[in-house]
Amino acid sequence: MASSQEARVIGTESARTTYNSDGLTDSYIPREPARPEASHSSLPPKKETSGRRESPIVPRASLDKLSRSNTSNSSSSRSSHDDDRLALDSEKRREPLTPARTQQSNKSTRSRRSSFPFGFVAGLGEEAFSHEEAVEFQRIRTIRSAERGEKIDENLVEWNGSDDPGNPMNWPTWKKWMITIVLALMTFVITFASSVFSTATMVTAKKFGVSTEVMVLGTSLFVLGFAFGPVIWGPLSELYGRKIPLFVGFFIFVIFQIPVAVATNVQTIMVCRFFGGFFGSAPLGIVGGTLADFWGPVDRGIAASIFAGSVFIGPVAGPIAGGFITMSHLGWRWTEYLTAILGFSFWVFGFALVPESYAPVLLQQRARRIRFATKNWAVHAKADEAELDISSLMHKYLLRPFAMLVFEPILLLITLYMALIYGILYLFFLAYPIAFQESRGWNGGVGALPFLGITVGVIAGCLIIAHTTKTRFARKLQETGRVVPEERLIPMIIGGFLMPAGMFWFAWTSSPHISWVPQVLAGIPIGAGILMIFLQGLNYIIDVYLMHANSAIAGNTFVRSFVAAGFPLFATAMYHTLGVDWATSLLGFLTAALFPVPILFYIFGERIRKLSKYSPTA
């Protein structure tokens, strides 16, 4: 018996080493074979190894290896223990259900997500629990809670400690960055699609016999879809997790590119462009929450800068690619074919690499596997206890966002600032062709290259935010032990200065008699300003409202997308009437007027938050 015990201890170290080298798995079982106990209260204290406390779980593959190596020494002992434990568990399952257990079972069967028809997709790649594994998983959790003196519901599935490898917060860093980059690429395709059609405005207007103002709707309606889409995708991501709504919406977005490419009338183009934006808004509305699922406050700021970079580099890249495609032998229809090809490629790539990351849904999946393994239908996750309440979701995503916009000065002013910046970005897709193609006589392809200046500025803005997040924001977090939302505003203040400076620079170097170089370089401060104002405004809203952030972001997204959809409609008339210099200067004055907003909240933000009924951060 002594040799058997020794074999188990040695095998435990081996299994732990295998776990560290093999990476994560969501299906695991306890390290030591279970012993039959009369009750959990009589369990002996857990042994310490090498002066530190061992984690009670190892991956299934490692334990299989351990079992094979210990067969000769402990086979008979383990068999007797397993038989006793299975007998005890079988006896327990034959006990009559109490009213409390019956109520839990009913709640479990009424789970709002487990009955979703696409639920099987979220389970792809999951390794099912065996009966032994499921029982032991719950037993170890009970032991841990007993050691801490806590009383728990044995049928409630939660994370097995803060180091549970199934928790997205504990995923390895390489995996987090892989997911972040894939999601950023998917977002890039969406925003690329929003602007690439703008280069075909004049060509399609001539082909279908309508004015250019009518064809500008092809861009505006796509962006308008961004305003209404999050109303659907936000609730779905809370009901069914991140992956299903994200990839369903993205796939339908790809499908809607085909009718535009083969359209024979304007109506088809307009309808499909709107629905392309509506379904394409799924990543825009879900990715932010996905990043928060597995990144901490500091690293989330850096990951969010990459995501925001894709949000703004995509629209800037659209006219560059679209300009050369439209003037080539391929024609304007290939702007949509290219979008569809890119979209489908990234959809396949992302579906294979991006897992579910929403913790409540992951716990539901784990509870479902344990239920089927143990035949104990009372096993459930916390999310299974809540009934599907459509009215509360509608209140959260339809009513509360607008109530917050009216009564929350922080949300209102930051949203107006972000809406203006977002609108100017989409207005530039018509202003740049006027400034460089009409005024300077450049062709459609070369005339779109000045957008590279904005691209450089966006990248510079990302680097500035990453630096301030890793230095000032992280230091403040370490000093205070909490997130100080106003620390997000430093880059926003810098961007607020760069934006009007770049606008005036662009305006007064627009004369054809002045070299094109300074006008193109003006795009650098404009791009940096757009990125820093937009991203840090979004981060500030999230940090201020926390559990109400989804409602705040829903209101913010609706307003800024609505404004961005409207700006292109008057861009051509304004620039032809006022000229490039004064039209751009007018926009520069508007951005300068809102420059004090982040300064105001940096100084008085904490006091204003104390007066808010939606902000728990004061």
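Placement of Cβ uses the backbone N, Cα and C atoms for every residue, glycine included.
Feature list (source: TrEMBL):
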REGION    1-114  region 'Disordered'
COMPBIAS  14-24  compositional bias 'Polar residues'
COMPBIAS  45-55  compositional bias 'Basic and acidic residues'
COMPBIAS  68-78  compositional bias 'Low complexity'
COMPBIAS  79-96  compositional bias 'Basic and acidic residues'
TRANSMEM  177-202  transmembrane segment
DOMAIN    179-610  domain 'Major facilitator superfamily (MFS) profile'
TRANSMEM  214-232  transmembrane segment
TRANSMEM  244-262  transmembrane segment
TRANSMEM  274-295  transmembrane segment
TRANSMEM  302-325  transmembrane segment
TRANSMEM  337-363  transmembrane segment
TRANSMEM  402-429  transmembrane segment
TRANSMEM  449-468  transmembrane segment
TRANSMEM  489-508  transmembrane segment
TRANSMEM  520-546  transmembrane segment
TRANSMEM  558-576  transmembrane segment
TRANSMEM  582-604  transmembrane segment
Stretch in 214-232, 302-325, 337-363, 449-468, 582-604 most in contact with the transmembrane segment (244-262), if contact is a CB pair under 8 A: 337-363
Stretch-level contact, the transmembrane segment (558-576) and the transmembrane segment (337-363), CB cutoff 8 A, at least 3 pairs: no
Tertiary contacts of the transmembrane segment (302-325), as residues 6+ beyond its ends and Cβ separation under 8 Å: 176-177, 180-181, 183-185, 187-200, 284, 287-288, 291, 295, 331-332, 334-335, 338, 425-426, 429, 432-433, 444-449, 451-452, 454-455, 458-459, 461-462, 465-466, 469-470, 527, 530-531, 534-535, 538-539
Outside the transmembrane segment (402-429), six or more residues from its ends: residues with CB under 8 Å to it: 194-195, 198, 219, 223, 312, 315, 318-319, 451, 454, 496, 499, 529-530, 533-534, 537-538, 540-541, 544-545, 548, 551-552, 555-556, 559-568, 571, 587, 590-591, 594, 597-598, 600-601, 605, 608-609, 612, 614-615
Positions whose Cβ lies under 8 angstroms from the transmembrane segment (274-295), at least six residues beyond its ends: 168-169, 171, 176, 179-180, 183-184, 186-187, 190, 193-194, 221-226, 228-230, 233-234, 237, 242, 245-246, 248-250, 252-253, 256-257, 260, 303-304, 307, 311, 357-359, 538, 542, 550, 553, 557, 561
The transmembrane segment (449-468) touching the transmembrane segment (582-604) per 3+ Cβ pairs under 8 Å rule: no
Intrachain neighbours beyond the transmembrane segment (337-363), with Cβ under 8 angstroms and 6 or more residues off its ends: 26, 113, 122, 125, 157-159, 166-168, 178-179, 182-183, 185-186, 189, 192-193, 196, 237-238, 240-243, 246-247, 250-251, 253-254, 257-258, 261, 289-290, 293-294, 321, 325, 381-383
Non-local residues, at least 6 beyond the ends, that sit with Cβ under 8 Å of the transmembrane segment (489-508): 417, 421, 435, 457, 461, 464-465, 468, 472, 518-519, 521-533, 535-537, 540, 580-585, 587-589, 591-592, 594-595, 597-599, 601-602, 605
Beyond the flanks of the transmembrane segment (520-546) by at least 6 residues, Cβ under 8 Å: 288, 292, 297, 301, 304-305, 308-309, 311-312, 316, 404, 410-411, 414, 417-418, 421-422, 424-425, 450-462, 464-465, 483, 485-486, 488-489, 491-492, 494-503, 505-506, 509, 552-553, 556, 591, 598, 601, 605, 609, 612, 614-617
Mean per-residue pLDDT computed across the domain 'Major facilitator superfamily (MFS) profile' (179-610): 89
